[in-house]
Amino acid sequence: MYRVVLASRKTVEWIGLLIVGFLFVFPFLWMASTAFKTMPEVLQFPPTLLPETWEWSNFAQAWESGPFHMFTWNSILVAVGILILQFLTAVPAAYAFARYKFPGRNLLFGLVLIVLMIPGQVIFLPIYVQLSGWGLINTLWSLILPYAASAFGIFLLRQAFMQVPDEVIEAARLDNASEWKIMWTIMVPMAKPVLVTFGLFSFIYHWNDYFWPLIMTNSDEARTLPIGISSLHMSDGGTLWNVMMAGNMILILPILVIFFVAQRHIIKAFIYQSK
Amino acid sequence: MRKAATVQELPGVSQSKTEVRSPAFAWSDLASRLRPYLYLAPALICFALFFFYPIGSIIYLSFQDWSLINLEQMEWVGLQNYQDLMVDGDFHQVLGNTVVFTIATVGIGLTLSFLLALWLNKKAKVYGIIQATVFSPHIISLVSVSMLWMWLMDPQFGLLNAGLEAVGLPAYTWLTDPKSSLLSLIIVSIWKVVGYNTLIFIAGLQSIPGDIYEAAALDQSPWWRTLRRITIPMLSPTIFFLLIINTITSFQAFDTIAIMTQGGPINSTNMLVYYIYQQGMDFYNGGIASAASVILLILVGILTAIHFLVMSKRVHYR
């Protein structure tokens with residue numbers, strides 16, 4: 001009798017897991033399914049689970065509805081450019097916070113924590129005014145420069161650098177290695193897992209970003225994929241859901257691939273925020 | 001000489017001043033004193049230009065009558081913009097929407113993810129897979145999430161209404177009716193945030209020492225008492241962190257609104273950031289937009305301050 005209760009409890013648990021998994025995965029599967037359907041099939045009732053005829057041309061249609069090669073290229077440039085700049089600014093700053101004692105350290109680190117907590121969306125207007133004064137609106141610079149330094153990156157790397165044993169650095173100093181060299185050839189390689197974690201976080205965040213490119217740009221030359229994709233539903237004469245979903249597949253596929261490959265790192269990157 | 005100066009900076013090494021200093025002014029000493037500031041400079045300059053200066057600037061701009069079309073024409077109007085906001089019915093509604101949206105999203109989102117975390121915090125592989133599945137919406141662009149849910153919520157051809165019809169229920173209006181539009185956005189936001197919260201909760205649960213639970217088990221404490229007396233108190237820093245972070249994120253809601261509803265129908269889903277965007281970028285009311293930004297900044301600032309205060313206290317009893 002006890003065994004039966006145990007078995008049925010397990011069944012209930014499995015059914016529960018399936019339902020939860022379904023709630024979060026199914027919408028994406030529905031997106032994929034719609035992306036391959038013909039328009040009549042999209043509007044059919046009752047809806048079909050899998051496409052009856054696989055309409056690959058939806059992807060071509062989405063891609064050709066705007067200068068998507070340019071949007072994609074801009075997205076890559078912006079996300080990678082931000083990543084490189086954040087790396088170059090965060091490493092020295094984190095090294096200074098982790099390894100030196102100097103007057104004002106706590107105050108300056110407090111400022112970094114404030115930047116970490118207050119979202120940039122709150123102050124986009126003055127940044128817009130400032131960038132337009134510099135003539136940078138509608139350029140990729142307006143998307144990259146405001147994110148050239150990352151408080152989160154400094155915070156994360158500082159913790160990693162603090163964990164490097166003192167002996168390693170002392171040994172290097174005895175060998176007359178310069179501080180600059182110690183930073184880039186000893187600390188950075190030792191913090192590699194954290195750097196990967198941070199890199200994934202930054203890339204995903206800026207690849208997905210919609211708000212900033214929407215504010216700072218208004219011509220195709222400087223716009224990124226999320227903006228291009230979001231303009232798909234403004235077609236006249238009924239929404240082409242299949243083309244829209246195909247476009248969104250183009251936007252999310254790179255991230256999904258990265259997620260499958262580096263799932264543990266990515267989850268760690270996003271969870272690190274809580275520490 | 002140079003070596004003595006650098007070793008002295010190592011944390012953990014005693015800061016004794018016994019080494020002999022040359023009486024002449026030591027350039028190398030000065031250089032090593034300045035070094036940390038040089039290393040910090042690039043990042044701090046960026047923060048100054050794109051964070052601290054804009055914060056000062058937005059306060060200044062909120063006292064001006066200005067628009068993005070002609071930035072030369074600024075006129076000092078004092079508190080006029082704030083007064084205009086105070087009597088603007090639309091803005092009251094925007095604030096109300098933001099509060100309702102935040103309380104609902106954060107309240108329901110936190111409760112659901114806490115329950116999910118209690119359930120999914122197990123070692124077996126299948127739980128790991130479900131954890132990753134629940135988390136996946138968090139890394140997808142809100143653009144895609146919004147368009148996907150617009151499609152699911154389409155009144156005529158959407159899957160949600162097809163499902164309702166299939167079980168004999170009437171079709172629902174979702175985004176097209178001011179009575180249900182805000183609720184629809186709340187559903188999407190909860191769907192997006194639950195996975196992140198769940199994983200943070202699981203990380204918190206795993207940091208609770210196991211021997212406390214063993215002691216509770218020896219005392220034959222019923223599960224609900226263990227939950228109330230041990231799990232929830234031990235998780236309180238995590239709960240508090242998520243409460244603050246989720247609230248700040250809710251205040252910022254923009255993408256879903258811009259793509260799914262544009263604040264409508266009849267202003268029913270307009271919220272603070274979208275309102276600021278509309279006023280500043282669409283209606284060219286720079287002053288009004290700035291004043292609303294300052295109000296948002298104050299709200300987020302208060303939350304951040306509470307966060308820092310409580311977190312710094314926490315260090316003492318940990």
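The backbone N, Cα and C atoms fix where each Cβ goes, and this holds for glycine too.
Annotation source TrEMBL lists domain 'ABC transmembrane type-1' at A:72-262.
The transmembrane segment feature in TrEMBL is assigned to A:12-32 (among others).
Distant neighbours of the transmembrane segment (A:73-95): 112, 140, 143-144, 147-150, 153-158, 160-161, 183-184, 187-188, 195, 198-199, 202-203, 206-207, 213, 222-226; these residues of the same chain sit at least 6 beyond its ends, with a Cβ under 8 Å from one of its Cβ atoms. Residues annotated as transmembrane segment in TrEMBL: A:73-95 (among others).
Per TrEMBL, transmembrane segment is recorded for A:107-128 (among others).
Feature annotation from TrEMBL assigns transmembrane segment to A:140-161 (among others). When Cβ-Cβ distances below 8 Å are used as the criterion, the transmembrane segment (A:140-161) is approached by residues 74, 77-78, 81-82, 85-87, 89-91, 93-95, 97-99, 112-113, 115-116, 120, 127, 131, 187, 190-191, 193-195, 197-198, 201-202, 206, 212-213, 216-217, 222, 224, 272-273, 275 of the same chain, each at least six residues removed from its ends.
Taken from TrEMBL, the feature transmembrane segment covers A:182-207 (among others).
TrEMBL lists A:240-262 (among others) with the feature transmembrane segment. Residues 28, 31-32, 34-39, 42, 55, 58-59, 61-63, 65, 68, 196, 200, 203-204, 207-208, 225-226, 228-229, 232-233 of the same chain lie 6 or more positions beyond the ends of the transmembrane segment (A:240-262) yet place their CB under 8 Å from a CB of it.
Same-chain residues lying 6+ beyond the ends of the transmembrane segment (A:182-207) with a Cβ under 8 Å from its Cβ atoms: 75, 78-80, 82-83, 86-87, 90-92, 95, 147, 150, 152-153, 156-157, 159-161, 164, 168-169, 172-173, 225, 254-255, 258, 262, 265-266, 268-270, 272.
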